[in-house]
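Visitor: Quick one: the structure is below, questions incoming.
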Amino acid sequence: MMNQLTHINASGEANMVDVSAKAETVREARAEAFVHMAPETLELIVSGQNHKGDVFATARIAGIQAAKKTWDLIPLCHPLLLSKVEVQLEAIPAANENETNMVRIESCCKLAGKTGVEMEALTAASVAALTIYDMCKAVQKDMVISQVRLLEKTGGKSGHFKVEA
């Protein structure tokens, strides 16, 4: 684990990191999020019966748009020229009464650049989850968004990171 916060200067003030001297490398990051819901809500999504429209298509586009706007949402993020943004959604019915029905969201962002795309991947997964909540809140308000996390990142000075299985 790094022991220095890169966005804090010697005076303790928040600053945008200067990446101008860094070499361009291919960088990629994957993130995930889950939306837990009632079986009836998941069935509305899967069957395409949600009155607001195609939940997965809307969440996918929202996640892609969010990744592209991360620099506008997170104050010290750099505007990036993303070469790839992918958002995948999977309906996961509960296997037994001890589990919940859920949607798993996985995002992937990629570029050739001077800074990483972890925040873009996390933002894509988060906003896709929020969009699912928004589109389904009329039928269920107690859905839970959980486990928003970075799964893997490659490229850059810190190298390869992957969550242990």
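The backbone N, Cα and C atoms fix where each Cβ goes, and this holds for glycine too.
Okay, so Swiss-Prot annotates it like this:
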| type | residues | note |
| --- | --- | --- |
| BINDING | Leu76, Cys77, His78, Met119, Glu120 | substrate binding site |
| ACT_SITE | Asp134 | active site |
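Set these features in their place in the structure for me.
Guide: Here Leu76 (substrate binding site) comes close to His7, Ala14, Asn15, Met16, Val17: these same-chain residues lie at least six apart in sequence, with C-beta atoms under 8 angstroms from its C-beta.
Under the three-state DSSP scheme, Asp134 (active site) falls in the helix class.
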Visitor: Rounded to the nearest angstrom, how far is the Cα of Asp134 (active site) from the Cα of Cys77 (substrate binding site)?
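Guide: Each residue's Cα considered, Cys77 (substrate binding site) and Asp134 (active site) end up 26 Å apart.
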Visitor: Please give me the CB contact count at 10 A for Asp134 (active site), counting all chains in the structure.
Guide: 15
Visitor: Measure between the Cα atoms of every pair in Leu76, Cys77, His78, Met119, Glu120, the residues the record assigns to substrate, and report the largest value in Å, rounded to a whole number.
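Guide: For the residues that bind substrate, the greatest Cα distance is 12 Å.
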Visitor: For Leu76 (substrate binding site), name the DSSP secondary structure in the helix/strand/coil scheme.
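Guide: Its secondary structure by DSSP: coil.
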